Amino acid sequence: MSLRHRNSSEPAMSDAEDIPMAKLQQRRWRSVFATIYSARIFVSLYKKVINKKQILRSLSYIAVDVHDSDSSGERLLSLCVDQKTLTEVVREKNLETLSNLGGVRQIAASLETDEKDGISSNKADLAHRVELFGANRYPKPPNKSFFSFVFEAFKDTTIIILLVCAVLSLGFGIKQHGIADGWYDGGSIIIAVFLVVAVTAVSNFKQNRQFEKLSNESSDIKVEVVRDGHRQFISVFEVVVGEIVCLKIGDQIPADGLFLDGHSLKVDESSMTGESDHVEINGSNNPFVLSGTKVTNGFGFVLVTSVGMNTAWGEMMSSINRELDEETPLQARLNKLTSAIGKIGLAVAVLVLAVLLIRYFTGNTTDDKGNKEYIRGKTKLDSVMNSVVEIFSAAITIVVVAIPEGLPLAVTLTLAYSMKQMMADHAMVRKLSACETMGSATMICTDKTGTLTLNEMKVTESWLGKELMDGVSSVIAPIVHELLQQAVAFNTTGTVYMPNSQSLPEISGSPTEKAILSWAVSDLGMNLDDPKQDYELIQVEAFNSDKKRSGVLIRRKSDSATQVHWKGAAEMILAMCSQYYDRSGTVKAINDKERIELGKIIENMAAKSLRCIAFAHTNIPEDDEPVLEETGLTLLGLVGLKDPCRPGVKIAVEACINAGVNIKMITGDNVFTAKAIAVECGILQPDEDLNEAVIEGVQFRNYSPEERIARIDKIRVMARSSPFDKLLMVQCLKQNGHVVAVTGDGSNDAPALKEADIGLSMGIQGTEVAKESSDIVILDDNFTSVVTVLRWGRCVFNNIQKFIQFQLTVNIAALVINFIAAISSGEVPLTAVQLLWVNLIMDTFGALALATERPTNDLMTMLPVGRSKPLISNIMWRNLIAQALYQVAVLLTLQFRGKAIFGVDEKVKNTLIFNTFVFCQVFNEFNARKLEKKNIFQGLHKNRLFLGIIAITIILQVVMVEFLKRFADTQRLNWGQWGTCIGIAGLSWPLGWLVKFIPA
């Protein structure tokens, strides 16, 4: 329908001359409906205008021209459906209201959805649907603002106490010395605190945004829909009302809708209703599907009726804010370490505070001129308060430096950095803890198909009975050709779409289904639409991992004769057969000899790494009840599907074995195929004894718990396994002390993925149920990417260890120096501002420099960490104690003998101590890059961030000493003094090199 200007003399055109009567009547009804609908809109508009007492300028010559032709490409859809009604029908599962609306098919017609071809992919039509019914998105709670991170940084107790001391110091200083000179002490501390808080807040804010971005990417799942007559994948956010969505086992339903077609469809509605029982979806009793629920069985096509905020799932999800600051196990361990160090620092600070206060009030401290600072009854209260505040500031600053707040920050930084880099390496992290846990993995249980292999199936061998076929359909007996055509056409979840007779067919479905359909269409010249003209589908048993087969029951339309077709794992289908067809169409009985020969054919195909699929058939007698018969079948044929190993997978497997990580292959294929692939991938060696290394799922299942535990480490390949066998293996490995990573792609893999320490789902073939149960999604389904995740996991743990070594060295040195100096001389050589600057270097700059090191090949030559390895290793203790003792010795020498050695005053001596201490940390950052290797400069040129941070630290240190004298309480140094500071600090390098000769 369109509104347009036309002259009064111009007739309204009709396009109905050559249209058949049935279509003409249908279009007339639609025209009448559209006219009535538009009239109601005009009445509604008229009432609004009258109520507002506004006058609209009328247009001359306006006509309503109702087009019943579909020839206009620019025509917008009318879509005269009430969204509120649709939403309530599905949400309340109201069959009566659905019936009053004319049923599912009438709603589809009202939404201008073709039941077979779906909706148009025309952008204008899709935009119109979004405008009318909304987009498939829901508003999320607002993100945490930058100021909330600033506020969190200020909530730190020590920072608050330090600020209070700084404010008091500022007040007393101004009162005592005037605003021009009195603000420096307190003001410097305030500026330093604000700088520390700002850097911390910016860093946390950026990492939070990074995690949110990854969270958004993980929620953008792909949905299969029917548009313009063929199936295609689109983003879940692009699903619109009127869409036909294709559902299969493991899919998460993207929107509310109504069942159109399908078989054995069952869904898990526990996420919405809390009921654990799976609900059957069908066209008669329960056609309602809810967004957010998951398909547990069967397949089907659903008409989308509500999206986004018009669904109960959308309303619920819009009120849930995903927790992005999840605490990982490593962070929890570091928080305990931080707390322990903090308590030691607090005890030292209290002791220093007590000593300084006692020395002050007993008159044992002097000012710059050598006069006693406190004389009882003579010293002014302002002066006393100012001195006490300075003492408190020094003590609190010791606590600030002692508490290694940088440890949690370093974990956050390295996790965020590794997550970003892993995304580029085809791995999307769903749970932060998986990053670090993967570094401890001692065992990887991997699928075969699509992970070790390319998942690009192709039929390379086919047999009719005991004869090898050459792919020419003309030499196959007509009856066999017809039965194979029925078997392929009906017993599949894939589709074949031919845009036109000249183009190549577009085949969709799983890799196995696509290979079989391609073989039937291209090699055997079958038209898979022909059987659907003569037969109808009665019953379907969908493929599942336990039975490893699928079956259909079909009925001929002409005489109601029923037939059963089965397809599945060759040896399992063969066991159901009592006879077979040969190429000529003759049915022959399968005796023991024939069964052995057919079994040998299957074994030989499997030994060539082929997946063997068999087709079987039987007729159901007229008097018998039509059921999916499972015995006495006739074997139609065998096909062998080749799925080549992925390039580089053998090298990846070798890398894991060299890194001390064992690989176990768990597959549904038979033993011979599994052996062949395992040897090809390097999991098994051709010359080794395979009796204990290769096992079938049923054997493993039937072992006693003691036998399983005893044999589990020797098993390398499990064939013909079920999801339960995979779960059982994971449980046994964990009982044996292993840290287990598991790959999975199906819904039935969900228990094993959850049970494993690290669940790795497949991004291409993986179902949404599997992805939700996993910790990391391997985006390219490649085993090489699993090894990349292992490298990054080890890198995370290694980077954290580097930072701990660096930070604890600073903590120990600063505590010991300040404590000994305070006890012996009553003075703290490092002021509050100087200690805050050191805190900034080691917390934020140090975390940035050391937490962003990329993984090296050295990591894959080390044994896995496992569950029990301590966070601080003996190697780390050796390195950090040596460096801390050196720093303490040097700085205490400067504290007590510095003035005599260099012939300088107190302020220059304290500046030398401060400058040397900072440069010791700069040089020690290089030492921390390599915990064991003696060459600390290896790969340094690749880490520009590290070099940049070192450069910034040095520049800022020069500025602090030379230009911010009042702020930092320093004195300018000459070239000789600068050289001395750098020379003393530089000795950290040869010391670090020598220490690494000491065995740890």
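Here the Cβ of each residue, glycine as well, is placed from N, Cα and C on the backbone.
Features reported for this protein in TrEMBL:
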type     : residues : note
DOMAIN   : 94-174   : domain 'Cation-transporting P-type ATPase N-terminal'
TRANSMEM : 153-174  : transmembrane segment
TRANSMEM : 186-205  : transmembrane segment
TRANSMEM : 340-361  : transmembrane segment
TRANSMEM : 391-417  : transmembrane segment
TRANSMEM : 803-823  : transmembrane segment
TRANSMEM : 835-854  : transmembrane segment
TRANSMEM : 945-963  : transmembrane segment
TRANSMEM : 975-995  : transmembrane segment
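Away from its own ends, the transmembrane segment (186-205) comes close to residues 146, 149-150, 152-154, 159, 162-163, 165-173, 393, 405, 409, 412-413, 832-833, 836-837, 839-840, 843-844, 847-848, 966-969 of its chain (Cβ-Cβ under 8 Å, at least six residues beyond either end). Helix first, then strand, then coil: DSSP counts for the domain 'Cation-transporting P-type ATPase N-terminal' (94-174) stand at 52 helix, 3 strand, 26 coil. Within its own chain, the transmembrane segment (340-361) has Cβ neighbours under 8 Å at 373-374, 387-388, 391-392, 394-396, 398-399, 401-404, 808, 811, 815, 818-819, 822-823, 826, 828, counting only residues six or more beyond its boundaries.
Remote same-chain residues near the transmembrane segment (945-963) are listed as 837, 841, 845, 848-850, 852-853, 911, 914-915, 918-919, 922, 925, 929, 970, 972-973 (criterion: CB distance under 8 Å, separation of at least six residues from the stretch ends).
For the domain 'Cation-transporting P-type ATPase N-terminal' (94-174), the mean pLDDT of the prediction comes to 83.
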